[in-house]
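Copied over from TrEMBL, here are the features:
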- B:7-30: transmembrane segment (TRANSMEM)
- B:61-79: transmembrane segment (TRANSMEM)
- B:91-110: transmembrane segment (TRANSMEM)
- B:130-155: transmembrane segment (TRANSMEM)
- B:186-207: transmembrane segment (TRANSMEM)
- B:228-249: transmembrane segment (TRANSMEM)
- B:261-277: transmembrane segment (TRANSMEM)
Amino acid sequence: MALLETRNLTARYGDFQALFGVDIVLEAGETISIIGANGAGKTTLMRSICGLLANQPDSIRFDGRAIGRLAADEIMAMGIAMVPEGRKLFASLSVEENLLVGRYGRAIAGHWSLETVYGLFPILKERRHSPATALSGGQQQMVAIGRALMSNPRVLLCDEISLGLAPVVIRDIYRAVPEIKAAGASLIVVEQDIGQALRVADRVYCMMEGRVTLSGTPAEFSREAIHDAYFGAAA
Amino acid sequence: MIWFDTILQGVLLGGLYALFAAGLSLVFGVMRLVNLAHGDFIVAAAYLILLMVTMTGMSPFLAVLIAAPAMFAFGWALQTFMLNRVIGDDVLPPLLVTFGLSVVLQNVLLESFSADSQRLPSGPISTASLNLGGINLGVMPLLTFGSAVVVIIALNQIFYRTALGRAFRATSDDPSTASLMGIRPAGIFAIATGIAFVIVTIAALYLGMRSSFDPNIGPARLIYAFEAVIIGGLGSFWGTLAGGVIIGVAQTLGSAVNPEWQILAGHVAFLLVLLVRPRGLFPRAVD
Ligand SMILES: Nc1ncnc2c1ncn2[C@@H]1O[C@H](COP(=O)(O)OP(=O)(O)OP(=O)(O)O)[C@@H](O)[C@H]1O
Ligand SMILES: [Mg+2]
């Protein structure tokens with residue numbers, strides 16, 4: 001049985017339908033990437049899984065349970081943590097408080113604690129008393145990842161963690177992935193950067209206009225196939 | 001010396017206004033909600049204490065200790081079953097609902113307790129005073145001010161030193177991202193209102209022991225509270241205390257010049273501060 005699975009997932013914003021029957025599977029221990037152009041529905045998929053958007057109960061299953069209708073705080077408590085698009089740090093909290101609030105709904109013992117997060121991103125320890133929004137973009141992204149890790153999640157959702165960052169910074173951030181996996185989390189990584197997505201993932205899903213248009217292991221993907229799945233065959 | 005004495009009395013009076021205001025400040029800080037019935041709830045709590053005192057003969061201080069948890073539960077329920085349904089992007093519905101609550105509450109109090117003025121029995125403490133270096137300070141005003149300081153310190157500790165306080169601030173920043181932290185915003189709002197109602201009960205104790213009250217004085221207490229919060233700057237508890245003190249000092253100075261100017265002087269001080277510092281004295285950096 002898959003750890004996390006969507007089946008014929010649809011999502012809408014009012015009258016606008018953003019997802020049309022999306023099926024993805026995440027096995028325990030696996031890392032999958034979701035790629036796709038702007039507006040493909042990647043963030044909508046993440047928001048559906050983490051409970052910010054309500055869906056058909058049965059269209060999302062986690063650990064055998066139907067979670068499509070659960071609220072975000074209940075899903076978080078079950079062990080699905082999210083690094084949201086645009087980081088969404090709490091401006092009135094310091095770096096350390098942002099990390100601490102990350103375990104509010106799920107304060108369980110595990111690999112991740114303040115010390116291990118600071119071990120992963122040492123710069124955060126130096127800046128721990130600064131307001132979180134006073135940090136550079138890359139450092140803020142580290143806080144957002146650390147905040148999600150503080151709950152020792154079983155599934156970590158990362159929505160465009162490399163957006164707007166310099167290549168060296170992106171490399172620094174992705175260096176954290178092996179330790180995150182070793183601590184027992186399975187990952188769903190949304191990426192615009194296809195090269196990065198192919199490097200990090202065991203399997204890749206490509207989305208276009210609310211549908212999965214291509215899926216498989218990075219080795220199976222040709223440039224042309226990705227291009228077609230990304231922009232449509234006619235492009 | 002007489003001026004110094006007047007100012008000191010004003011500072012102590014400010015403690016009472018800070019107590020009126022602290023609950024309002026907390027609720028506004030967490031959920032951007034102004035409860036227009038805040039003053040009426042203070043009056044209602046004063047009647048509750050009065051009822052307990054007259055029925056059992058217990059001391060008002062003891063009555064507050066017993067009433068406080070009940071008022072917490074009441075505030076929690078009010079938020080859960082009523083206010084959470086109306087707060088959202090639109091600021092109008094909560095204003096309408098709490099305005100309605102204010103009207104209903106005043107009428108219920110009027111029906112139940114008549115329009116007669118009441119007072120909480122406070123015993124010899126109400127006339128006791130301390131002589132400090134030639135200045136007479138009433139024990140009751142000192143106690144009020146001390147309670148206000150304790151309440152402000154406690155709120156600051158909760159807000160800035162506990163997991164609950166982090167959840168308060170995170171929810172205030174961004175409720176939907178807060179829910180990704182396992183925080184249920186509706187539950188956080190209910191706890192905040194519960195705490196506000198504990199402070200309402202403490203404010204009611206001093207309101208009722210220091211002066212007489214009747215069912216119609218709630219809205220004026222709301223206005224003092226509101227002015228104190230705005231003067232201090234939204235989101236700052238120490239600012240709220242400072243705001244209360246400024247109104248208190250302005251009122252005692254005003255009434256020293258002419259007794260009829262007491263209330264007016266407080267409002268004028270409020271307007272002057274807003275003219276100079278539109279965001280109040282200690283606004284929170286982010287908004
Ligand atoms: N709050 C919203 N209200 C209405 N429509 C929305 C909303 N959020 C997203 N959409 C629409 O849903 C579609 C999918 O958006 P989504 O944010 O999921 O795309 P995405 O793949 O994450 O894009 P990007 O790479 O730009 O982040 C888009 O057409 C978008 O305009
Ligand atoms: Mg997106």
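Keep in mind that glycine also has a Cβ here, set from the backbone N, Cα and C atoms.
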- Considering only the recorded stretches B:61-79, B:130-155, B:186-207, B:228-249, B:261-277, state which has the highest number of Cβ pairs under 8 Å to the transmembrane segment (B:7-30). B:228-249
- Task: Go through B:61-79, B:91-110, B:130-155, B:186-207 and flag the stretch with the largest number of C-beta pairs under 8 Å relative to the transmembrane segment (B:228-249).
- Result: B:130-155
- For the transmembrane segment (B:186-207), which stretch among B:61-79, B:91-110, B:130-155 has the most Cβ pairs under 8 A? B:61-79
